[in-house]
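Structure first, commentary second.
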Amino acid sequence: MSAWGWSAIALFAVFGLGIVLPVVMSMGGRLITRRRPDVAAPVLAARASDVAAARIDVVVPAYLEASVVGDKVRSVHDALAAYEGGGRVIVVASDVATATAARNAGADHVIEAGRNGKPAAVNVGVAASDAEIVAVSDANCEIHPVSWPAIAADALRDASVVSAHKSESGGAERLFWAYERLIKRFQGDGGDSLSVVGEFVAFRRSEFRDIPRGELIDDLWLAVDFASRGLRVTVAERITTVEPPAERNDQWERRVRIAEGVLGQQLPRVHTFLRFPAGRRFAVHKFYRLTIGCSAFWAGLLSTAMVRPLGLLPLLGVVTAYCVARYRGALFPRRSLLPWTTVVGMQAVPPAALARIVRKRFRGSEGQPGWKKIAR
C-alpha cells in the first residue's frame, strides 16, 4: 500500500476516535462514580429547602413562533396542573404575533421584549419569576412525559441544573441524536454532564446568573457557569423533548451557529472545562469532534484521493459536494438523507463556522443577537 493509503487509514482512525472516545470516557466515569462515591459529584451548595414539590415557572423564549406557541402554553399548563407544586408559564416574545398567540392560549405572563437574542430573553423571563425552580423550554418542542415537573424537581434535590434527552420526529439527524443519547446513558441517570439541550433545562433560580448578551450557545454557557462553581449539572433519563425536523437550510444555519459558538467562544475557555470531569468529557466529545476530528476527516479524504489522483480526486470531489449540498438543503431538499450523507455533510459545518468567525471579526460584527430564522 502506498504512503497515501496508510496516511488515509491513520487519519480516518483519528476521526473515528472522536466517536469512540466519548463513550469510553463516559463508561469510565460511571465506573469511578460507582466505586468512589466521594468523587461522584462536585461540592453542593447548602440547600435552603426541599424542592421535591417546589413551584416551577416555565420560561418560553419565542421569536416568530405564532403558530406553535399556543400549543406549547397549553401543554405546559397541563403538566403543571398535574404537578403538586404548580407553577406559571412565562412567554418572552420577540414579536407581536407570537405575544398575541401566547396571550390567547392563556399564558400566565407575556413579556414583549423585542428581538435581543435568546440569552436576553432568558434573563428577562427568569427575572420575572419568583419560583424556586425555573425551566426554560423552546416553543416548538414537546416535553415528555407529562409528569416531567415532578421528575425535574426530584432531580434538583441534589443537583442545580437538570436537562433532557432530545429527539426529532423524523429528520436527517436521527442517528446523531441517538449517538448523543447513548453517551448520556453511559454516564448514568443523574450523572454529571454538560450536554444539556436548549429545548429543556431547569435550574434553581437562586443560583442563576444572567447569561451574557453575546453568547451564541446560551444553554452551554449556563451549564458551564453552574458546573464551574461546583454545582451539579445532570440529564434526567426519563425526560425527553421531541420536535419536528427543521427545514434543511434552517438546520444548516443552526448547526453552523452552534459550531461558531463552540469554536469562537467556548474553545478559548477550554481551561475552564478542564477543571472538572464533566468539562473534560465535553472537551473530548465536542471540541475534539469540531477540530481534530473534522480536520482528520478532510485530510483523510484528500489522502484517499491522492492514492489515484486522476480517478479518485474528481470522483470524491463530486460525491463530497453532493453530500454537502444535500445536507444543506441546496439539492433535493424534500428527499430523505442516508446516514453516510449526513455524516459527510456535517463535516462541512466546522469550516463554515470558522469562515463566519473570521468574517465577523474582520467586519467587527461579533456578538450581534439573532440569526436568520424561518417563521413557524
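Keep in mind that glycine also has a Cβ here, set from the backbone N, Cα and C atoms.
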Transmembrane segment per TrEMBL - which of 315-336, 337-358: 337-358
Long-range environment of the transmembrane segment (287-307) - Cβ separation under 8 angstroms, sequence gap at least 6: 2, 4-5, 7-8, 10-12, 14-15, 17-19, 21, 259, 262-263, 266-267, 270, 273, 313, 316-317, 320, 347, 349-351, 353
Number of helical, extended and coil residues in the domain 'Glycosyltransferase 2-like' (58-205), per DSSP: 55 helix, 39 strand, 54 coil
